[in-house]
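Engineer: Below you will find the structure I want to go over with you.
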Amino acid sequence: MGPGPSRAAGVLRPLLGMLALMVAASNRAASAFNLDTRFLVVKEAGNPGSLFGYSVALHRQTERQQRYLLLAGAPRDLAVPDGYTNRTGAVYLCPLTAHKNDCERMDIKEKSNPNHIIEDMWLGVTVASQGPAGRVLVCAHRYTQVLWSGSEDQRRMVGKCYVRGNDLELDARDDWQTYHNEMCNSNTDYLETGMCQLGTSGGFTQNTVYFGAPGAYNWKGNSYMIQRKDWDLSEYSYKDPEDQGNLYIGYTMQVGSAILHPTNITIVTGAPRHQHVGAVFLLSQEAGGDLRRRQVLEGTQVGAYFGSAIALADLNNDGWQDLLVGAPYYFERKEEVGGAIYIFMNQAGTSFPDHPSLLLHGPSRSAFGFSVASIGDVNQDGFQDIAVGAPFEGLGKVYIYHGSSRGLLRQPQQVIHGEQLGLPGLATFGYSLSGQMDVDENFYPDLLVGSLSDRIVLLRARPVINILHKTLVAKPSILDPAFCTATSCVQVELCFAYNQSAGNPNYRRNITLAYTLEADRDRRPPRLHFARSQSAVFHGFFSMPEMRCQTLELLLMDNVRDKLRPITISMNYSLPLRLPDRPQLGLGSLDAYPVLNQAQALENHTEVQFQKECGQDNRCDSNLQMRAAFVSELGQRLSRLQYRRDLRKLLLSINVTNTPSRKRAGEDAHEALLTLEVPPTLLLSSVRPPGACQANETIVCELGNPFKRNQRMELLIAFEVIGVTLHTRELQAQLQLSTSSHQDDLRPMTLPLLVDYTLQASLSMVNHRLQSFFGGTVMGESGMKTVEDVGSPLKYEFQVGPMGEGLAALGTLVLGLEWPYEVSNGKWLLYPTEITVHGNGSWHCQPPGDLINPLNLTLSVPGDGPPSPQRRRRQLDPGGGQGPPPVTLAAAKKAKSEIQLSCGSDHTHCVWLECPIPDAPVITNVTIQARVWNSTFIEDYRDFDRVRVASWATLFLRTGVPTINMENKTVRFSVDIDSDLVEELPAEIELWLVLVAVSAGLLLLGLIILLLWKCGFFKRARTRALYEAKRQKAEMKSQPSETERLTEDY
């Protein structure tokens, strides 16, 4: 026996295995609509594990008694005890009561014998009702006939279907019930119809009964139909050959008219394994009992089981049935999608599109689309609705989708969660569905939902209320605050009426609406409030049908600024109902629990205008215009800002007008504002006129409320300039005029201001004028070894003040010097020996051209040995000393003869020296050490008492950025070189040496006196000798001194 397909053997077992591995999927939000989940009718199986609810149907019994029944198939139910059979399945009929266990077993008399096997025949795999006053179809697709060949038997699982009367009893007088319905030949094998499994699907129309047989022809499958017209009976089957088996044609089946023909019927049958992607065949009747293929709609994903569930419904009310196809195993891993419903909209009876008009998805692992059913117009809006089961999403869910003039709405209008029903043991809720019948006779069709957990649930539809004449009127419609009283400014009148969407004229229930009125909802603070309170919100109740209208008073708030835009008074309403917190069992009337039609707007609004001087149309057409410019403190327009660190203020001049033009009336501009957005470098300092502007994240200036016709206004805004850097190229302000009056040409104005950054570095010298000397002997270059051999030292110290911000890669600060290098005949003048830079660190500067110490003479080290013989006389301070400058002989003589050598003269040849100055926040010292070339001065300037050598140094900026500049700083420097030095002042003698010398002198003087006395020096001489001595002394006094003799030579 081949593995014949069935919802039991081929689908149920793997699904039951999957159920243990499923996880609860995320809940999909959907507002509850009119299928009630609080007052339930629940039925349970008497025998657990019978799969009670595997198939369900709603049925109306009109014979013998008037009642509505819930039909449930239990294909694994125990058999009626006969001593031979254990399990056959069953069909139960359940009355509409509050009891769970009052279902009755339908009497299907079938006994087991050697020629056929009813054990495990799955009676109840298909249950269908023909509709009001119609018959009932029950199938057992695993019914097996036995062929005997001697002692051996061959079993043929051909399936069997039973038709019973409206009262679910067998009426032998009814040909529908007595006909054998044996469409499959058990004398053939599985390659023909010997394993057809008839009844896997089936149903009724008014004059036909149809069956699906997916096991026929090697499980290619087939569809059968029996049609009765008066006393004629015709059998139809699909006999077109297919290329392969295992298509499962007939797995599901629907028959109806207005599909591909206005009146003729079309058979729609699913083949979920066609080409591995599944398909739906559309078949039509042909003469001779054949069903001809008209169209095949194929699935899009392998293994999705496209075609395992189908439904027909006129979704857009165009008179043609549209097609819905389930693919419960469709998935998109990245999108967390599990299951799909394909919607094919009928193209006016010609065909269906090859691709779905709409594709609905369910959550991952939900088997969304395992069941799908047309449930009628559940909300009575004129369009058919559908239900989709997702039995493995949590405990199971049922999605309700509504039809519309555009077709099926994409979003579900209601999602019914199995968890919310509060039924212990419930699982796989939504496994089977049946609708299109109003079992509680409230004019709304209800829905029966089955499961694999031996439970079925009836969900009844609640009445839907349409709110009519929801009028909201405000008086006066144009408000003049001058006419407001202490108790009222505005009167609001609201009126309601309703009807039932099903049009039941007897439905006259007392309904109370809860409504909320809100004044100026979109503005804070609001401009109106209700007289009963200080609030702009009012909550009230409205009883229908007794109450017709209500009137409320509103007052105007104080200090209302906005008198241009209307005040909107909005109203929304709802229908509060007291429902039980938990679901209850019972069949009480749902008329007391209506719901509002969600397709209607649940709110309304009206507007109140202010009285304005804006013409007869009450619309203010303003003509705000603006001119703006950055200006200097003298009022001059600026196109470029010359920025310096000491710059503090920048002014912005703005002129605003509201004058009529040819295009605009120039009427009052209400709530006229000027908004400025400026960069963080501009900080608001002051405004003229004072108080016109306020600064927060932006600068907002109030121009007037209103800014009247022909009014003009000038604003002068002062900014403090902070944070401008070398990278700042432009300052940009954006200005925007706004008004609540009508003016649609207001555009932002962008006001750019280019920035030229002026650096403010400084240059100074420690000593602008140095003094030195020359003298001694002439020495050639070849004889010089150290810089001391060149001449007396010079030391120039320049100080560069910090410029504030570092240039980095934007440029370089450079100290340049015109250096007196040679005299006109090419002899050395001032010989540079070393340039050092001290800032953030210390380093040597080497200008290009090998101009510093080009002879590579050995530099002097401070403190090394005595000076050379040429420097034995006292040397002059080379500059930078703390004491007074030494006085030369020439200086003492007031420099009788002097010559000046300077760069730019014919006597001097100068070279250009450059040293880059690094970025530093501190003063940078540049020290230039040099030597007077002694030999040049001795040879060429020995006739001069003083030679003055003068030049200059310039600090300048070298950059390629045109917006960065700096004023060059120039200092002049010189050195006076004298031809000789004054004699050195005597050195100070220590006190103890003076005392010793005085004592020694006194001792020597005493010894001399003693010797003179011994020699008789002190004895009185004769008179003659005395005179001779005096004469001699006088002669001595007349002789000139040595100094006098020296001066007489000059």
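Numbering starts at 1 and runs along the chain as it is shown here.
Backbone N, Cα and C define each Cβ position, glycine as well.
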Engineer: Swiss-Prot pairs CYS495 with one of CYS484, CYS489, CYS549 in a disulfide bond, so which one is it?
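Structural biologist: Its disulfide partner, as Swiss-Prot records it, is CYS549.
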Engineer: Do the repeat 'FG-GAP 3' (184-234) and the repeat 'FG-GAP 5' (292-353) come close, with at least three CB pairs under 8 A (pairs 6 or more apart in sequence)?
Structural biologist: no
Engineer: Could you check which of the recorded positions (ASP318, CYS489, CYS614, CYS620) sits closest to ASN379 (Ca(2+) 2 binding site), going Cα to Cα?
Structural biologist: ASP318
Engineer: I want to verify one value. Collapsing DSSP to three states, which class is ASP385 (Ca(2+) 2 binding site)?
Structural biologist: strand
Engineer: What are the DSSP helix, strand and coil residue counts for the repeat 'FG-GAP 4' (235-291)?
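Structural biologist: Helix/strand/coil tally for the repeat 'FG-GAP 4' (235-291): 3 helix, 25 strand, 29 coil.
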Engineer: Least buried of the disulfide-bonded residues CYS495, CYS693, CYS910, going by other Cβ atoms within 10 Å?
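Structural biologist: Result for the disulfide-bonded residues CYS495, CYS693, CYS910: minimum number of other Cβ atoms within 10 Å at CYS495.
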Engineer: Using a 10 Å cut-off on Cβ-Cβ distances across all protein chains shown, tell me which of the binding-site residues (ASN316, ASN379) has the largest neighbour count.
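Structural biologist: That would be ASN379, with the most Cβ atoms nearby.
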Engineer: Check the binding-site residues ASP322, ASP385 for other C-beta atoms within 10 angstroms of each C-beta and report the one with the most.
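Structural biologist: Of the binding-site residues ASP322, ASP385, the most buried by Cβ count within 10 Å is ASP385.
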Engineer: Let's see if you can do this one: DSSP helix, strand and coil counts over the repeat 'FG-GAP 3' (184-234), in that order.
Structural biologist: 4 helix, 22 strand, 25 coil
Engineer: Enter the number of other CB atoms within 10 angstroms of the CB of CYS196 (disulfide bond).
Structural biologist: 32
Engineer: Is it possible to get the count of other C-beta atoms within 10 angstroms of the C-beta of CYS489 (disulfide bond)?
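Structural biologist: CYS489 (disulfide bond) is surrounded by 22 other Cβ atoms within 10 Å.
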Engineer: What Cα-Cα separation, expressed in whole Å, is found between ASP377 (Ca(2+) 2 binding site) and CYS915 (disulfide bond)?
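Structural biologist: Roughly 94 Å, rounded to the nearest whole number.
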Engineer: Going by C-alpha positions, which of the binding-site residues (ASP314, ASN316, ASP318, ASP381) is nearest CYS196 (disulfide bond)?
Structural biologist: ASP314
